[in-house]
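What follows is a short report on a single structure.
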């Protein structure tokens, strides 16, 4: 049980963790077209390189549950945040596909670790307070995404170069994660729970929906700049604008998400997101001008904004499998 006096500190520490995770991931998005040009690779090779990031994330997510049961979420959050901060500048200077693939894999491991650990920490806090908090936490993730994408895009627009841009971003993330360190709570471990249980159909449904949503978010982050630049809608230095608008829309949706869930419930909240997601994708793919594409990114962001927070809450409420 978490003492109520520690809730405010725990809330701030958790918000900082979500912010750092979103900031680090989105800071990479504007660098994708630059990496493609620097390495001289086509979309097929670039897709394989981006797969390294996903592979690292998935492997880390699978292992973090076991690590969390043994060490708790706090040290994993700190390690993941520091890893993101230290690896980001290397993504800006990697000179070969092999080195970039290795760095992206390590980057993915850090992202996957902090992602699982901070959500477990958030679920524990939500249980302790008895209030819906997940959308608010994920809003901080989206605010971090917007800030990270905006920071790198701004530096690139000012001709500061990718290395300087990422070094400044790394310093900001370091400050944030170090500030979160003393505020994150040392959650009580529950060794009596089994580390693995076969999921039932409801858990599998939550997992599938979460996977699809993460694919959507990943596509926005990894390919939005390439799409806008490749179709001649924006200049290379402004390619991160699509990701920025997507992140702003997600943050706006998530800031009102806890209130929406309290009034409408989880199921209705999920269903309301489907129409803007589909409409947004159609607008982005078929956009003849940048303005329509930007509107599409906003619609997609609004549609997916509360899907992951709701699914995390549902996963935290189920009793078939251990949460951590």
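Backbone N, Cα and C atoms are what each Cβ position is placed from, and that goes for glycine too.
For 12-33 (among others), the entry in TrEMBL reads transmembrane segment.
Through the fold, the transmembrane segment (45-63) approaches residues 32, 35-36, 39, 97, 100-102, 104-113, 115-116, 218, 222, 226 of its own chain, all at least 6 residues removed from its boundaries and within a Cβ separation under 8 Å. What TrEMBL records for 45-63 (among others) is transmembrane segment.
What TrEMBL lists as transmembrane segment is 98-118 (among others).
The transmembrane segment feature in TrEMBL is assigned to 163-182 (among others).
Residues annotated as transmembrane segment in TrEMBL: 203-225 (among others).
If you look up TrEMBL, you'll see 237-257 (among others) marked as transmembrane segment.
The transmembrane segment annotation in TrEMBL covers 269-286 (among others).
Residues or ranges marked as transmembrane segment by TrEMBL: 292-312 (among others).
Here the transmembrane segment (237-257) sits against the transmembrane segment (12-33); at least 3 CB pairs are under 8 Å, leaving out pairs fewer than 6 apart in sequence. Counting only same-chain residues 6+ beyond the ends of the transmembrane segment (292-312), those with a CB under 8 A from a CB of the stretch are 119, 122-123, 134-135, 137-138, 142, 206, 209-210, 213-214, 216-217, 220, 224, 227-228, 231, 233, 241-243, 245-254, 257, 260-261, 266, 269-270, 273-286. Beyond the transmembrane segment (203-225), the same-chain residues lying 6 or more positions past its ends with a Cβ under 8 Å from any Cβ of the stretch are 25-26, 28-30, 32-33, 50, 53-54, 145, 239-240, 242-243, 246, 270, 277, 297, 300-301, 304, 307-308, 311-312, 314-315, 318, 320-321.
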